[in-house]
Every structure is written in structure tokens, then in C-alpha cells.
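Peer 1: Below you will find the structure I want to go over with you.
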Amino acid sequence: MIEKVDVKSLNLKELEEFLLSLGEKKFRAKQIYEWMHIHHVTSFDEMTNLSKNLRETLKEKADLIVLEEELVQISKIDGTRKYLFALADGNMIESVLMKYKHGNSVCVSSQVGCRMGCRFCASTLDGLVRNLTPSEILEQIYRIQESIGERISNVVVMGSGEPMDNYDNIVKFIELLTDEHGLHISQRNLTVSTCGLVPRMKQLADLKLQITLALSLHASSQEKRKELMPVANSYELSEVLDACRYYFDKTGRRITFEYSLVGGVNDTDEDAERLVKLVSGMNCHINLIPVNPIKERDYVQSDHEEILKFKNKLEKNGINVTIRREMGRDIDGACGQLRKKFLER
Ligand SMILES: C[S@@+](CC[C@H](N)C(=O)[O-])C[C@H]1O[C@@H](n2cnc3c(N)ncnc32)[C@H](O)[C@@H]1O
Ligand code: SF4
């Protein structure tokens with residue numbers, strides 16, 4: 001069987017080449033591109049300015065990737081929505097919509113599952129199933145925008161999966177998401193979070209994009225990081241921080257460090273002091289995240305007082321720090337949990 005072309009993962013130039021290969025005029029590509037990336041139609045039949053013949057050819061030769069909304073949970077506390085989407089092959093992924101005063105932000109998944117094995121994370125419990133295509137990552141945003149009837153202005157790649165482990169597809173996704181002929185989200189409104197795959201972080205830096213890179217740090221010593229994140233067995237903390245400095249040098253973009261506070265594990269005074277030393281002199285921002293306990297592990301959240309103490313220590317040393325608001329506390333919290341619960345059922 002000849003494989004169909006995933007047209008939503010093609011940039012305009014590639015789509016033009018595809019149309020030319022079908023014996024069609026180049027300008028058809030722009031029309032199809034707009035139907036997919038601006039109007040977010042769900043079938044070739046809705047592309048009404050194309051001839052019937054062309055629509056039939058497209059059905060035969062191309063795939064129009066569309067996600068199916070399987071379930072939505074809406075937080076009564078802050079309106080956060082958690083979506084479970086079905087992919088064409090039956091796999092499930094989750095995405096989150098957070099409503100802020102400054103606009104709507106969507107957190108997307110980059111893989112089905114994850115193979116990085118971080119101890120506190122529900123996404124990795126069953127390992128990696130597969131990478132998501134650029135179209136499947138984009139679709140999470142398009143379906144959510146269509147379902148709420150409001151524009152999405154911010155995107156964070158912080159759902160299930162390690163984006164730097166799906167590098168080429170993520171870079172293509174960024175190109176399509178920020179393209180002026182599509183949804184045209186500003187690069188500055190996009191954050192990509194990584195557990196610290198050093199060579200890929202440097203490769204991304206070399207593209208000199210204006211996106212924010214977030215590093216999941218979670219520990220201030222190599223030993224403790226290794227305990228929480230197996231990826232630390234491959235890269236020393238010093239190498240990961242050097243890659244962050246490299247990213248800043250190439251892009252001028254301030255790095256965000258994510259630090260999930262786990263009670264009794266990485267939340268002591270000593271941890272905070274080491275963290276201060278580690279990032280001193282760097283143009284960065286630290287996001288403290290009270291860990292969201294998952295039932296498969298016995299990690300617990302730090303006490304509220306400990307969290308404040310930790311934050312104050314950083315602030316006193318001139319570090320930009322925020323405690324991340326726990327959005328959607330009343331719906332299946334940690335990413336990967338909703339999918340896991342659904343699969344178990
Ligand atoms: C799910 S990951 C996805 C992006 C990328 N793989 C990474 O690790 O940065 C996004 C962030 O959520 C954090 N995270 C995962 N499970 C968590 C939990 N149970 N509680 C709090 N934060 C968690 C991760 O450490 C990471 O900083
Ligand atoms: S925290 Fe990120 S890298 Fe680690 S297992 Fe979860 S999704 Fe994967």
C-alpha cells in the first residue's frame with residue numbers, strides 16, 4: 001500500500017511541490033494551507049474553493065490529520081480544561097488549556113508516553129509508545145481553539161513526552177505554528193521544556209529562534225538529579241547548565257528553570273543554597289512547582305512553609321523566582337495521569 005502524505009505536516013513550499021507532483025497549479029497549495037492552518041477544517045470536502053476532482057485526488061493521496069476529542073475535564077476552581085484526544089491509530093494523548101488574563105495558553109504533548117523515566121512523572125510509567133507528528137502536535141491547539149471559539153495566544157510544550165527526543169518534528173511544528181500564513185503565534189509566546197538532552201539543546205540554540213527554553217532542573221547536585229531523573233546518568237549537571245548558557249548566548253532569551261519541589265528530597269535549605277550558587281550570574285527565571293503526587297510513587301509535596309522558605313532564600317539572593325500556580329487542581333493533575341486513568345479503565 002502506498003503511504004498517504006500527511007499534508008498538515010508540510011510547510012507551504014513542500015505543499016506546493018506536492019500539488020505540482022499531482023499535476024495541479026502551485027496556488028492551490030496556499031488555499032489548502034489556509035483551510036488547514038487558519039480555518040482548521042476537518043475534511044477535504046470542506047475545502048470548497050477546490051474542484052471536486054482535486055478533493056477526490058487528495059482523499060486518495062493525502063491524509064488530513066484530525067484529532068478526536070474523547071473527554072474534557074473542566075476545573076471548577078479556575079476554568080482550566082484538560083482534553084483527552086484520540087489519534088488515528090487509537091493512541092490517546094492529553095493537552096491542557098489554561099485561561100489567563102493575558103490570553104489563552106495551551107500545553108501540548110510531544111510524544112505518546114516518554115522514555116526518560118523521571119521518577120515523579122506519570123507520562124513515563126509505560127515508556128514511550130511513539131513520537132507525535134508535527135500535525136498531531138498542531139492539532140491539539142487547533143481543536144482546542146475551535147472548541148472554545150477563542151484564539152490561543154500562548155503555547156507551552158510541557159505535556160507528555162520529551163520534545164528534544166522528537167527533535168525534527170518539534171522544529172517543524174514550531175515552523176508551522178509561527179508561520180505568518182498559519183496561526184502565526186509569536187515565537188516569544190512559545191516555550192519548549194526539556195529534561196536536558198544536551199546535544200539537542202545546542203542544536204536548537206543554533207537555530208537562533210526567539211522561543212523560551214525551559215530546563216527541568218529539579219535538583220542542585222548531580223547526585224540528587226540522578227536520583228530523580230535517569231537522564232542525568234548521560235549528562236552532568238555542569239554540561240546541562242553550559243548548554244543553557246549556550247542557548248542564551250545564541251538567542252538572547254532568558255532561560256526558565258523548572259524545579260519541582262518534592263518533600264524531603266530536594267527542598268532543604270542546603271538544596272536552595274546550592275541552587276543559588278549553581279545559577280548565579282545567569283540570566284534566568286526559576287519556576288518552583290509543588291510536585292503533583294502520583295499514586296505509583298510515594299513522593300509527596302513539600303509543606304507550604306517549606307516552599308515559601310525555599311522561594312525567599314532564592315529571592316534574597318537576587319534570583320527571579322515564582323511558585324507556579326497549580327492550575328486545575330481539582331481535575332486529574334499531573335500530566336499523563338488522565339491518559340493513564342483512561343487506559344486502565
Ligand atoms: C511533563 S514534562 C514535559 C516536558 C519535558 N519532557 C520535561 O521534562 O521538561 C513538563 C514538566 O512537568 C514536570 N512534571 C512531571 N511530572 C510532574 C509531577 N508529578 N509534579 C510536578 N511536576 C511534574 C516535569 O519535570 C517538567 O518540568
Ligand atoms: S518529566 Fe518530561 S522527560 Fe521526564 S518522564 Fe516526564 S515527560 Fe518525560
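Cβ coordinates are placed from backbone N, Cα and C, and glycine is handled just like the others.
TrEMBL entries are annotated by machine, without manual review.
Relevant sequence annotations retrieved from TrEMBL are reproduced here:
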ACT_SITE  Glu94  active site, proton acceptor
DOMAIN    100-330  domain 'Radical SAM core'
BINDING   Cys114, Cys118, Cys121  [4Fe-4S] cluster binding site
BINDING   Gly161, Glu162, Ser193, Ser216, Leu217, His218, Asn292  S-adenosyl-L-methionine binding site
ACT_SITE  Cys335  active site, S-methylcysteine intermediate
Peer 1: Report, as a single number, how many Cβ atoms besides its own are within 10 Å of the Cβ of Glu94 (active site, proton acceptor).
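Peer 2: If we count other Cβ atoms within 10 Å of Glu94 (active site, proton acceptor), we arrive at 26.
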Peer 1: Roughly how many Å separate the Cα of Glu94 (active site, proton acceptor) from that of Ser193 (S-adenosyl-L-methionine binding site), to the nearest whole number?
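Peer 2: Roughly 16 Å, rounded to the nearest whole number.
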Peer 1: Can you tell me how many other Cβ atoms are located within 10 Å of the Cβ belonging to Asn292 (S-adenosyl-L-methionine binding site)?
Peer 2: 18
Peer 1: Check the Cα distances from Cys121 ([4Fe-4S] cluster binding site) to each of the binding-site residues Glu162, Ser193, Ser216, Leu217, His218, Asn292 and keep only the ones within 10 Å.
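Peer 2: Candidates kept after distance check: Asn292.
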Peer 1: Out of Glu94, Glu162, Ser193, Leu217, which recorded positions have CB atoms lying under 6 Å from ligand 1?
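Peer 2: Those recorded positions that pass the cut-off, since their Cβ is under 6 Å from ligand 1, are Glu162, Ser193.
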Peer 1: Which has the fewest other Cβ atoms within 10 Å: Cys114, Cys118, Cys121, Leu217, the binding-site residues listed?
Peer 2: Cys118
Peer 1: Tell me whether Asn292 (S-adenosyl-L-methionine binding site) sits in a helix, a strand or coil according to DSSP.
Peer 2: coil
Peer 1: Take every residue in the domain 'Radical SAM core' (100-330), average their pLDDT values, and give the whole-number result.
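Peer 2: Mean pLDDT, the domain 'Radical SAM core' (100-330): 96.
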Peer 1: Filter the candidate list Cys114, Glu162, His218, Asn292 of binding-site residues, keeping only entries whose CB is under 6 Å from an atom of ligand 2.
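Peer 2: Passing the 6 Å Cβ check against ligand 2: Cys114, Glu162.
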